[in-house]
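Asks: Quick paste of what TrEMBL says about this protein:
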TRANSMEM  A:6-27  transmembrane segment
TRANSMEM  A:58-78  transmembrane segment
TRANSMEM  A:85-103  transmembrane segment
TRANSMEM  A:123-140  transmembrane segment
TRANSMEM  A:208-233  transmembrane segment
TRANSMEM  A:239-258  transmembrane segment
Amino acid sequence: MISTYHAALLADSGILMLGALSVYIILATGQLSLGNAGFMGIGAYLASYLTVEAGLPLTLALVLSALAAGMVGIVIGFPALRLRGIYLAMATLGFGEMVRSFFLNFEPMGGAGGFSGMVHVSVGYIWLWAGGILVLVTLLERSRLWLEIRATHDDETAASLVGLNTTATKIGAFGFGAAVAAVAGGLFAHHHVYIEPANFGFDRSIELVLAVILGGSTVAPGALVGAVLLVLLPETLRFLADWRLAAFGTLLVLVLLVRRQGILDRGLFRALTFRRQAS
Amino acid sequence: MMLSVRGLTVSYGPIGAVHGIDLEIGAGEIVALIGANGAGKTTTVKAIAGLLPFGGSVTLDGTPLRPGAAERNLRAGIALVPEGRGILGRMTVEENLLMGTYCRTDRRAAAADLAGMYDRFPILADRRAGLASLLSGGEQQMLAIARALLSRPRLLLLDEPSLGLAPKMASFVFELVASLRADGLTVLLVEQKARHTLKIADRAYLLELGRVVTSGPARALADDPVISQTFLGGRPLAAEAPSGG
């Protein structure tokens, strides 16, 4: 048995990894979303409503929330087609804030007071979802579809010249990313058994992006590395007391100075997996 | 005629780039578009490939092509090798070539064609695992043409394939284009190197400021005193032995 403290850290890592994966999937097509906390919020509130008010089992509630958020993601993906780079980042940031302020004013789900009544889920259940989705995305990375996603990221015009439908790829990625973020949100709600709009603000979106940038944005397991580091680093620095977060920030800057591409890149991942296969 | 273009107009916002171009290409022909910078050559091939919205009509074997539908045009049999080559630099040579086969449904034949392409361009086989951006200019052009050929096009649009290449590599590219005729391919070639182009082309169109100013058999155009003076430096093509076609 692991202690409650370690179980909480493990659960937070799993949820953060799913959120980071949602950013990674969208980023793979060359689109940076700073609004994934919004999708996470939709998933958290919808899954909580479905389990607490409608009495549905959690797994079904998570699937339905993922589908609903996926559809919202597809809707958001259309205007995003016309935007690139920093402009797209700003637009998605606006979407995230819009979702947060919606739940802030949405009294049926508690408004600013938050929502509770969910049944606590185990770390094992969280990691079943987290591991499953990580394996799914890792397998997807070996498929033809992922090659199309990378081509869309590389050069959209060149991708359309080889017959790829870059519009469908980009919108699909938004939908899939939003669905994964919603699962993360639903699990967050049922792990903490209380949610409020502030849980899904801009700082959460930044945390998800940071996990991807830190862990590595070219392979899916980079999200796992980033999430574990973001959860564990501040904890291991507790001996520094008040200087803990300053030291954490310094470490982040140092890591990114040494490895701009993130800790885990395609080359390192290949080397690690080859070694494992060889031994 | 395989490709028939009637009254093609293309604008970039309020600025017109192509003003009512008519051109025709028969099956198995190599047709050249020549002209100075800004004549509308690239705009014309981009519109035919489906990359730009256009006015007028473009038909392939009698079927009208819709503007701005590059993927559909590729499936209909039109492949474009764009100016600047359009390779996917962050992907490997092999991944680039695989992409060329993705529009096809005959997977087995596509795999055989891919193997055949490595025989045709051994340098690409040597570099298959390397990033496409690390190839030399000439190798990138080979990759771009090989990738386009893997989609098994009926009409290949080549936009300035010799641009930025060393003379030896440029000559290789022109020989390659001439050899495509033997594969039964139809080619629309946009080039500034008029001398090489008129040697391998069957017919040519001269564009100026978005309009066709003259057209006809390539060798006849090469003998035209104005074209000879403007594009061939006053040295007539007739004095040289024909190459390719």
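Any Cβ shown, glycine's included, is placed from N, Cα and C.
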Asks: Going through A:6-27, A:85-103, A:208-233, A:239-258 one by one, which has the most CB pairs that fall under 8 Å from the transmembrane segment (A:123-140)?
Replies: A:6-27
Asks: Should anything in the same chain at least six residues away from the transmembrane segment (A:6-27) have a Cβ under 8 Å from its Cβ atoms, list it; otherwise answer none.
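Replies: Sequence-remote neighbours of the transmembrane segment (A:6-27) are 33, 36-37, 39-40, 123, 126-127, 129-130, 133-134, 137, 173-174, 176-181, 183-184, 187-188, 191, 204, 207-209, 211-212, 215, 217, 220, 222-224, 226-228, 230-232, 235.
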Asks: What else in the chain is close to the transmembrane segment (A:85-103), if you only count residues 6 or more beyond its ends and a Cβ gap under 8 Å?
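Replies: Same-chain contacts beyond the ends: 31-39, 41-42, 45, 76, 79, 109, 111, 197-198, 200-202, 205.
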